[in-house]
Amino acid sequence: MTVLKNERYLKALLREPVDMTPVWMMRQAGRYLPEYKATRAKAGDFMSLCRNADLACEVTLQPLRRYDLDAAILFSDILTIPDAMGLGLSFGVGEGPKFARPVENKSAVQNLPIPDPEQELQYVMNAVRTIRRELKGEVPLIGFSGSPWTLATYMVEGGSSKAFTKIKKMMYSEPKILHLLLDKLADAVILYLNAQINAGVQAVMVFDTWGGVLGHREYLDFSLQYMHKIVDGLIRENDGYKVPVTLFTKGGGLWLEAMASTGCDALGLDWTVNLAEAKARVGHKVALQGNMDPSVLYASPARIEQEVQQILADFGQGSGHVFNLGHGIHQDVPEISPKVFVDAVHQYSVSYHQ
């Protein structure tokens, strides 16, 4: 059994007592750090960086050297699964992801292989093992995947989208084909996350970035149903510790009760949700992660501290809160801002845990 020096993050996700509120940042390993840009340049391109275990480890650890973070998150991408399915993923300079072979019909769905995590995605598992070794038990390591719905949006659209017309056309005109794809993706995500857990991640998160573009019934049928299947299929204890599961739907504030009923341990919240309200609605069932608007980091240190204090006050006394941004950190925030943010969370949260 690995002894963790800092268990704050895992304890908060399980709503166990902590000395202060734990904090990490979505996309904490990323383009806002000059050392990340240097490492990416060394790798050549984004996916080469993901596929090199030593470099992926290096960028995972970079933010921990600068800031007093309570967790590390695996440096990877949500599109590793569709890439391993053979869709021809590429990232153009300054562009989002593109797939050379989008999924457009039933035969394309039927022909998709379910990747073996220790074969086609072995580079991710190698990165997990390398990071765990180099962390030396300082903080827990978070693994992650995209949700089936979010992965499907990229696979059907052929890349990023604003209107999601292709996948919504499939959803309304040929729902059986989309359900077939989502079911296959859920199976792939279960295998992938369980392999990450076996390789050493100590908590997992499912990112449903685009669930919020769906109508009420469609969210339950085409997104949440498949995240529920994933939660049911995950390893929940490993190496003497429970392995907490966090679900995050951006724009998902309407569905907190339904999300909390999946059996997950925590819900990620974006900044459109009031934390006090969310706690009143589902705080008896799950922990909550979030939820400062990442754009606050453009503000003065005093304004950042004010926002942190407000969000801590919204959650109030007790455990069950992991402080985070409501989405990924922006790449051009002032260099001092993340430190001000992280230190403020620790400084001002102590009184809520006494």
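Every residue, even glycine, has its Cβ placed from backbone N, Cα and C.
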Given Swiss-Prot lists ARG27, GLN28, ALA29, GLY30, ARG31, ASP77, TYR154, THR209 for substrate, the same-site residue among HIS284, HIS321, HIS327: HIS327
Distance [Cα-Cα, Å, rounded] between ASP77 (site 'Transition state stabilizer') and HIS327 (substrate binding site): 15
Conformational class of TYR154 (substrate binding site) under the three-state DSSP mapping: helix
Residue among binding-site residues ARG27, HIS327 with least C-beta crowding, 10 angstrom cut-off: ARG27
ARG31 (substrate binding site): secondary structure state under DSSP, collapsed to three categories: coil
